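Colleague: Quick paste of what TrEMBL says about this protein:
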- 47-384: domain 'Cation/H+ exchanger transmembrane' (DOMAIN)
- 34-52: transmembrane segment (TRANSMEM)
- 59-78: transmembrane segment (TRANSMEM)
- 98-115: transmembrane segment (TRANSMEM)
- 127-146: transmembrane segment (TRANSMEM)
- 158-178: transmembrane segment (TRANSMEM)
- 230-249: transmembrane segment (TRANSMEM)
- 280-300: transmembrane segment (TRANSMEM)
- 312-333: transmembrane segment (TRANSMEM)
- 353-372: transmembrane segment (TRANSMEM)
- 400-426: transmembrane segment (TRANSMEM)
Amino acid sequence: MTSIIGAALPYKSPEKAIASSSYSAENDSSPVDAVIFAGTSLVLGTACRYLFNGTRVPYTVVLLVIGIFLGSLEYGTKHNLGKLGHGIRIWNGINPDLLLAVFLPVLLFESSFSMDVHQIKRCMGQMVLLAGPGVLISTFCLGALIKLTFPYNWDWKTSLLLGGLLGATDPVAVVALLKELGASKKMTTLIDGESLMNDGVSVVVFQLFFKMVMGHNSDWGSIIKFLVQNSFGAVGIGLAFGIASVFWLKFIFNDTVAQITVTLSASYFAYYTAQEWAGVSGILTVMILGMFFAAFARTAFKGDSHQSLHHFWEMAAYIANTLVFMLSGVIIAESVLSGQTISYKGNSWSFLFLLYLYVQLSRCVGCCFAVARSICKTLGHMIQQSSGNSYLSSDTGTRFLFLTGGIVFLTLVVNGSTTQLLLHLLRMDTLTATKKRILEYTKFEMMKTALKAFENLGDDEELGSADWPTVIRHISSLKDLEGRQVNPHDGYEAGSLDPTNIMDIRIRFLNGVQAAYWEMLDDGRITQCTANVLMQSVDEALDLVSTSSLSDWRGLEPRVHFPNYYKFLQSKIIPHKLVTHLIVERLESACYISSAFLRAHRIARQQLHIFLGNSNIASTVINESEVEGEEAKQFLEDVRDSFPQVLSVLKTRQVTHYVLNHLNGYIKNLEKVGLLEGKEVSHLHDVVQSDLKKLLRHPPSLKLPNVDDLITSNPLLKDRSSFRSLAIGETDA
């Protein structure tokens, strides 16, 4: 944020710098002590995550309380914490700009990359309305209430600065609970996407008012220029880094470490370029970058790479959140207990609770906050360190830190711990009858699976037989199922074919189709471009399951047909092989789509039949799927009659890719059973990977026929050529 704040943001205020240096000299502090605080925070975070898992209290709330406790011991008592205390003071003295630059790219990219882009497109208007005007209204309402009711004699700019600091919402805990309870994607995406956009908008608003408070030009022309540069500039830089990164990923083959490194480096470079070089919002830039990756690079990560990428970013976000909340607790404690008595003058605590009420009213929603709360606390710390000049007094800076810290604490503790209770009162944590029925299905199948496993493993020649009652006693999930004779398939007969049940089964069927597409992408049956088209068709069909039958073919149909110029190319003058070459690329894509569609639907039908049996509801959805596939079958039949070479080439590619993948699995299995050693495995793996790379970059294709083939394939051209040769011979004579 130095582009906005400029030289007005020192690393520390002079008083803190002197105090810190004297403290270091007296207590023999070492920069390495910072590692102790980081390690302690991660250990405590892991313990809290484990102990409070499944409770109504988010582990980040507990971390904040622990941070306040440790900060209170270090700053408020004579019992210093030794090396841990040194680490606390080092982290507390870090420049807020550096904290933002280290933690924000990770938190923002992880959140935006994990979002459903299709749902974002559907909800974009609502999210923009909530994040744009919503944040502005909240900011001005808070600023006005602070100006009119607080006794600090702040001007309007300072009051609006605090309003902008506290005006954003980020209901991460609500989103997590809604996902856990099976709420609709539209609801979770709307809340999550709006919270991300709020982060970007609120920081831009904060930067604007901070710039005004620090004495910069604040006429309407400057304000409009600042907002336009921050918004459009951030979007442009985010898209530029996204396009460059996706292009780079195309040259990386089966290297998970390199792929993850590209995403990590892109997020940090994009943030730095926007924030420090271009002078625009780094937060908006990273958000755009993450959404671009989610939209155009999701299928670039296949199989294990896809899982590894998400695991890496989840781990990075977890580490960042853990450190941020521990540090936030320390900063809150230090702001209150480090000798800054301004927090206790007058009725500061009463005004803190009054401000908390104002914040809840301005947001009009009670929820738990994570990313925005991290931003809020760090920006509050920034204001406190930037105070002590003619524009912002030290007392005002301390009050800002005290109030923002208190709001963060109250929001996390009160809102975070009561979110689940609120959802329960709104009856949003109850399962629908359809979902309960599906659970009954699954439990029934679990018992059947357990019985099969017992038959396979219950008796062997080495150890003899096992005791089934003891097995059941140690598997609590099977206790309530033993002895049941009711077949859950009987519940979905003619009398229960209501629209809700059918809609639910359609959704599950389409999810199975999409899973089959992912598997085909990993196996090399479809290309990345084809996978994107197929995934989008399923997303669009999921939007219509409540009003129509399965309709994922509707989005694919425009891409699956013979080119419009095919009839012209069918004229007798143009050779058949030349026609094949001219339209082969278009037909290849259409054939990939049609064959993948039919295969995915066939797999999904088989899975649905296994799960629901011959129930009427299963038969209804299966019949819809078969009707959907008729046009795809007809198209492939037409291609087989007219251009069998195209299907042959596609099948050759698929078989070649499958064989190479099978060889990879064979090599890994030999290593697993101990028949191959590391160097041998590496050599064989490199050979197979080299063949795979060649296949993807230079796949088998139809060759352009030479001149002799063109003449031979067309009798008319052959007769013309003979006549021309004869005429030339007579002329020579």
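Note that Cβ sites are derived from N, Cα and C of the backbone, with glycine treated the same way.
A TrEMBL annotation is a machine prediction, not a hand-curated record.
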Colleague: Under 8 Å for C-beta pairs, could you tell me which stretch among 59-78, 98-115, 127-146, 230-249, 280-300 has the largest tally with the transmembrane segment (312-333)?
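Modeller: Stretch with maximum Cβ contacts: 59-78.
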Colleague: Take the transmembrane segment (59-78) and find every residue of the same chain, 6 or more past its ends, with a Cβ under 8 Å from one of its Cβ atoms.
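Modeller: Same-chain contacts beyond the ends: 41, 44-45, 48-49, 52-53, 84-85, 88-89, 92, 321-322, 325-334, 337-338, 368, 370, 408-409, 412-413, 416-417.
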Colleague: What same-chain residues lie close to the transmembrane segment (127-146): Cβ under 8 Å, and 6 or more beyond its ends?
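Modeller: 120, 154, 156, 159-164, 166-168, 190, 193-194, 197-198, 200-202, 205, 355, 358-359, 361-363.
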